[in-house]
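Heads up, the thing below is written out as structure tokens.
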Amino acid sequence: MPSLPQDGVIQGSSPVDLGTELPYQCTMKRKVRKKKKKGIITANVAGTKFEIVRLVIDEMGFMKTPDEDETSNLIWCDAAVQQEKITDLQNYQRINHFPGMGEICRKDFLARNMTKMIKSRPMDYTFVPRTWIFPSEYTQFQNYVKELKKKRKQKTFIVKPANGAMGHGISLIRNGDKVPSQDHLIVQEYIEKPFLMEGYKFDLRIYILVTSCDPLKIFLYHDGLVRMGTEKYIPPNESNLTQLYMHLTNYSVNKHNERFERNETEDKGSKRSIKWFTEFLQANQHDVTKFWSDISELVVKTLIVAEPHVLHAYRMCRPGQPPGSESVCFEVLGFDILLDRKLKPWLLEINRAPSFGTDQKIDYDVKRGVLLNALKLLNIRTSDKRKNLAKQKAEAQRRLYGQNPVRRLSPGSSDWEQQRHQLERRKEELKERLLQVRKQVSQEEHENRHMGNYRRIYPPEDKALLEKYEGLLAVAFQTFLSGRAASFQREMNNPLKKMREEDLLDLLEQCEIDDEKLMGKTGRVRGPKPLCCMPECAEVTKKQKYYGSSDSSYDSSSSSSNSELDENEKELCQKRLDQVPYSLKHTSHCKIIQQPSGSHNLIYSESPVYLTTLVFLSEFPDSMRRSVSCPRSISAHLPSRGDVRPFSSQQVIPLARPTSASRSHSLNRASSYARHLPHGSDTGSTNTLNESLRQLKTKEQEDDLTSQTLFVLKDMRIRFPGKSDAESELLIEDIMDNWKHYKTKVASYWLIKLDSVKQRKVLDIVKSSIRTVLPRIWRVPDAEELSLYRIFNRVFNRLLWSHGQGLWSCFCDSGSSWESIFSKSPEVVTPLQLQCCQRLVELCKQCLLVVYKYTTETRGPISGIGPDWGNSRYLLPGSTQFLMRSPLYNMKYNSPGMTRSNVLFTSRYGRL
């Protein structure tokens, strides 16, 4: 009998119920792959009391984490944080405070550091009122008061707590004897003649963002708050010293006055915006540009005082972090600045935790912009955490397995091993610096796109101003970190720090060449690598067989073109050309142009080479207008379907007037070649033919425009101010004929007397002219689009390499060391482009000789270049000018007998 069911046993509804658990039945559901959630940027805002910070975090799309979470991408705290917390941060995290910033944010520390800097550079730090720190400087203050009494002068002083805030404990005195001697106070001279607005005293709250201290990066927010007093200002006297609503502009003080005006607009009330204030200055005929320039200079000089302290503390917190890596710290600072009646800014104090309260609408508008734009500038990415963890893992494995890129040198190493070791270290140093430069360029591009209302004030774009600030930085390190100033000075003066990517690549290439020499490899010759279009240096490619020339020399008496190609080549060529549409094969649309290589050096070859070029003048389909080998600047400006013009209207610059013999030979060759064009069909691939035709057309156009550029460059001349072309050429020839006499003088002038900025300005005479001419030849809006101009830029950088050694080496016997930059370049340089570069170098050499001669003859400045030259491109001391003489082309077919005009390439010439 069947057994009865027991409790807990699941029974099916029938003997064949599919719901019963059979041993062979699969009850697992098919797994559905869930979409991976996108990365989320997290923020810990437990340390702030301001609601505007949380609102901006939400607006940025960040996710707020629990208060105890210490792994967030962003950590925001109102108060200063301990250095241990910064040490524990991962590289992907950001926190809104720098260690060591208290050196300028505490009133007593700011006064002490400013006093030291004033002793070193008194002319640069004139924006801080005279200050005494009590009790240590009580005696000096009393001596100063006694000197005033002897001169029968009386001044007002403002007394502040050493570490106070929000206006607490501030008072005004006129009798120095009343100041307590043992309290920790700050005593400053009171600015009695401030700039007034509607009769009220006011100060400015300027917001500053520091995104990095290694290297230093400072941004100024072009808006802020104007905080006004609430009683009409009267110069201080014994009767009104206690009226703080008149003399103090702090919001925390004046908001308690019944006369405090709260207004929803930015142009009324006791609190207004700096944006409105700049409009007010402009309406009253004040120099707004100078106002912002003075503010920026004050901010940068103040943060230069803090930089030695901040950088030292930051590196102590992050000991394993290489220089130039992304900073885990940033800071929004509030500068309180007072304007005197001459609009000179005076620094009052700096707040490292400025208030982000939003009592009024103007507070919300200004402070929201400050925070929102600051977070955008930080460029916090969702991938930062993942990349950081992967980097840590790779670094741990490298340490575990001892995978050091540079092997240690044993004590008994030979000279050869020591040289190899030095080269390896040099290459690693260059690679690290190259990586840093590329990161900095990428970061600057992001900053330029997301600055919003911020402006970068350090490093400035003005090179002269940057040199001035760097000099102040050196003084600051010497003043505050005398024990470690030498190491910081060496780091700042490292020549690699100022090199660009192209210069570093050139140095890496040089290291590899030296390494190959050391290893005994002689396979690669220093200099430009053999190009595929040099017949004597490379095998003949299929494309050259079809459309190129043979290795036989050109015979002017020969009238038949069939002897230049063998039968197999002609058959292959005919098969390819057989598939060309009728419109392309027709004699009215196809013209064969022959140019001997000796004419204008179009082919870089020692043996004469004959070049046959097919120029198709009919309309190409859209799919054939763009080729992989076609530069963007060419393909972007090819004629469209509706823009096809007849050959008579096409813009061509003749390179030379052909002789009658060569013209007849060209016509005979064209007719002979046309007779061999087949009219049947072939089974070959049409796509292969179209690709060949596209490459042919774009390469022909590029070569033609490069030939025109070479022709223009050869016709350019450097003109001595006040002399004719012939006189200028005679002057250059005289220097070269007497080179033994001039060599040491020119070397001293170029390599010693001219700094890097002025060396660049000398070459800018040539560079600016070429930059003006190229867009008109290539028909592009900007020369930066051209691959040829990028090649020129590499040549200019090479000439300025190693403080001008690149150009000076061109005066040696070989004079072609600069060509080594193309030996390992991934971009193929054609012979025409190489000839353009050679002419470019020749113009730069002539330009240096003319500038040197002008300086010696006119007894100009020792540098030969006036301070205003950079603004006018060509202007030298006085009213004279260097002229780049070049023909005035209108890009039409002109007869060779036409006269050409001399032009100075400036912005007033809109077209050629």
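One-based numbering along the chain as shown.
Just so it is clear, glycine is given a Cβ too, placed from its N, Cα and C backbone atoms.
According to Swiss-Prot:
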BINDING   Lys160, Met166, Gly167, Gln188, Glu189, Tyr190, Ile191, Lys201, Phe202, Asp203, Thr249, Asn250  ATP binding site
BINDING   Arg227, Tyr251, Ser252, Lys271, Lys367  L-glutamate binding site
BINDING   Asp336, Glu349  Mg(2+) 1 binding site
BINDING   Glu349, Asn351  Mg(2+) 2 binding site
COMPBIAS  549-563  compositional bias 'Low complexity'
COMPBIAS  659-671  compositional bias 'Polar residues'
DOMAIN    38-390  domain 'TTL'
REGION    388-450  region 'c-MTBD region'
REGION    547-570  region 'Disordered'
REGION    658-688  region 'Disordered'
SITE      Arg106  site 'Binds negatively charged residues of beta-tubulin C-terminal tails'
SITE      Arg352  site 'Binds negatively charged residues of beta-tubulin C-terminal tails'
Over the region 'c-MTBD region' (388-450), what does the predicted model average in pLDDT?
78
Count the other Cβ atoms sitting within 10 Å of the Cβ of Lys367 (L-glutamate binding site), across every protein chain shown.
25
Annotated L-glutamate contacts Arg227, Tyr251, Ser252, Lys271, Lys367, maximal Cα-Cα distance (Å, integer):
17
Between Arg352 (site 'Binds negatively charged residues of beta-tubulin C-terminal tails') and Gly167 (ATP binding site), how many Å separate their Cα atoms?
16
Nearest to Asn351 (Mg(2+) 2 binding site) in three-dimensional space, by Cα, is which of the recorded positions Arg106, Lys160, Lys367?
Arg106
So which recorded positions are near Arg227 (L-glutamate binding site), with CA atoms within 10 Å, out of Arg106, Lys160, Glu189, Phe202, Thr249, Glu349?
Phe202, Thr249
Name the one residue among Gly167, Glu189, Asp336 whose Cα is closest in three-dimensional space to that of Ser252 (L-glutamate binding site); these are the binding-site residues.
Gly167
Indicate the candidate from Lys160, Lys271, Arg352 with the smallest number of other Cβ atoms within 10 Å of its Cβ, considering only these recorded positions.
Arg352
Would you mind reading off the Cα separation of Ile191 (ATP binding site) from Asp336 (Mg(2+) 1 binding site), to the nearest angstrom?
14
DSSP helix/strand/coil residue counts for the region 'c-MTBD region' (388-450):
50 helix, 0 strand, 13 coil
Which whole-number value in Å describes the distance between the Cα atoms of Lys271 (L-glutamate binding site) and Thr249 (ATP binding site)?
10
Residue among the binding-site residues Gly167, Ser252, Asp336 whose Cβ has the most other Cβ atoms within 10 Å:
Asp336
Which entry in the list of binding-site residues, Glu189, Glu349, has its Cβ near the fewest other Cβ atoms, using 10 Å as the limit?
Glu189
Identify all same-chain residues not among Arg227, Tyr251, Ser252, Lys271, Lys367 whose C-beta atom falls within 8 angstroms of the centroid of the L-glutamate site's C-beta atoms; report them in sequence order.
Arg205, Leu225, Asn250, Lys255, Ser355, Gly357, Asp359, Asp363
